[in-house]
Amino acid sequence: MKIVDAKVIVTCPGRNFVTLKIVTDQGIYGIGDATLNGREKSVVSYLEDYLIPVLIGRDPQQIEDIWQFFYRGAYWRRGPVGMTALAAIDVALWDIKAKLANMPLYQLLGGKSRERILSYTHANGKDLDSTLEAVRKAKDKGYKAIRVQCGIPGIAKTYGVSTNTKSYEPADADLPSVEVWSTEKYLNYIPDVFAAVRKEFGPDIHLLHDVHHRLTPIEAARLGKALEPYHLFWMEDAVPAENQESFKLIRQHTTTPLAVGEVFNSIHDCRELIQNQWIDYIRTTIVHAGGISQMRRIADFASLFHVRTGFHGATDLSPVCMGAALHFDYWVPNFGIQEHMAHSEQMNAVFPHAYTFNDGYFTPGEKPGHGVDIDEKLAAQYPYKRACLPVNRLEDGTLWHW
């Protein structure tokens, strides 16, 4: 069996997605997500100019050897562009292999470890009242876990909170927009938000919060301590992820569970965090960390230290990644939770899929492969549109972490 064709499909049904399609000489094909939010074209070039020419003629069943070839053979290892491109190849090959076996991907991975997959969604509001209403709507849809983000008084725009659309999309401008940030206003207000949410909805719903890398370690420790009475499921991305020892200091000061990893692209990015048990959940994504092959290694390593998975699952990842992640979630023993932001009807039409949602939980479906396809004719109707992520400045003008 040989790979005879591979192509990159770029489409924008409401936001940009990059998809790799690999075709074999038996007519079986697989697809993988290659979307890197705000840097999509860089992955397209990496695939088309460097990886696809080498991929043609290889046996698609040799997934591990192909992965090692592109990782070790690149010399310039790791990095978001290269690992996203490698992930697209890896997921497409797993899709092919499962189709060859005529079984859903989770069966090929080892079979299911649970009957359904717990997910969380986002509840965002420009103020406290609208945030409480967003939580109520999410709860009414059946979600048992909800990430809560709220506008901060005195800050014009806050991460996670939409200002002009129903669905929050941070990559919203042709060139990076500038947002203003105040750490002190944020730290003074957010504990009150969670106090109000707990008072309104009680102790039984799981609550999560994303800091989005905005704090120093001691500031994050302060926030984690202040949130302890409200028993969060996790506090996410509390500090910039480059210095893993930052989490050691946070851990020393608070029992609020910690999650990190959506910007990671290698097991080496999270090795110290996991083995020192400085985090509780690893959020590394299949699409940005080299695919299923490396995520298996990360999850297996994490299981040795009681760290569970909590994959990133916002709409900056296509339904292709969501489908692959759900099959992984179904199988992985140390599963924690799966993020879910609903794709639009437009997006779902371009990417028909077998996975389903019911009462706060997902199942990946029984279709062979990862169960997600792409309608190429429909995808062609939505051309690429450049969209950049914002940048942050403090109130005095200092550039800050977005």
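Glycine residues also receive a Cβ, built from the backbone N, Cα and C atoms like all the rest.
A quick note: this is a predicted structure, and the numbers were derived from the prediction, not measured.
The feature substrate binding site is assigned by Swiss-Prot to Asn37, His122, Glu262, Arg283, His312, Asp316, Glu339, with similarity to another entry given as support. Residues or ranges marked as active site, proton donor/acceptor in Swiss-Prot (evidence: similarity to another entry): Tyr159, His212. If you look up Swiss-Prot, you'll see Asp210, Glu236, Glu262 marked as Mg(2+) binding site, on the strength of experimental evidence.
Between the C-alpha atoms of Asn37 (substrate binding site) and His212 (active site, proton donor/acceptor), the distance comes to 15 Å. In sequence order, Ala138, Ile146, Arg147, Gln149, Gly160, Tyr168, Met341 constitute the residues six or more apart from His122 (substrate binding site) in its chain with CB-CB distances below 8 Å.
Residues near Glu262 (substrate binding site) in space but far in sequence (CB under 8 A, at least 6 apart, same chain), listed by position: Asp237, Arg283, Thr284, Thr285, His288, His312.
Of all the recorded positions listed (His212, Arg283, His312), His212 has the fewest other CB atoms within 10 A of its CB.
Listed in sequence order, the recorded positions from Tyr159, Asp316, Glu339 having a Cα within 10 Å of the Cα of His212 (active site, proton donor/acceptor) are Tyr159. Within 8 Å of the centroid of the Cβ atoms of Asp210, Glu236, Glu262, where the record puts Mg(2+), the same chain has further Cβ atoms from Val211, His212, Asp237, Ala259, Val260, Arg283, His312. Other Cβ atoms within 10 Å of the Cβ of Asp316 (substrate binding site) number 23 in total over all chains. Neighbour density for Tyr159 (active site, proton donor/acceptor): within 10 A of its CB lie 21 other CB atoms from the protein chains shown. A Cβ within 8 Å of the Cβ centre of Asn37, His122, Glu262, Arg283, His312, Asp316, Glu339, the residues given for substrate, is found for these other residues of the same chain: Thr285, Gly313, Ala314, Leu317, Met341. Long-range Cβ contacts of Glu339 (substrate binding site) within its own chain (separation 6+, distance under 8 Å): Ser119, Tyr120, Thr121, Arg147, Arg283, Gly310, Phe311, His312, Gly313, Ala314. The secondary structure of Tyr159 (active site, proton donor/acceptor), as reduced to three states from DSSP, is coil rather than helix or strand. All protein chains included, Asp210 (Mg(2+) binding site) registers 22 other Cβ atoms within 10 Å of its own Cβ.
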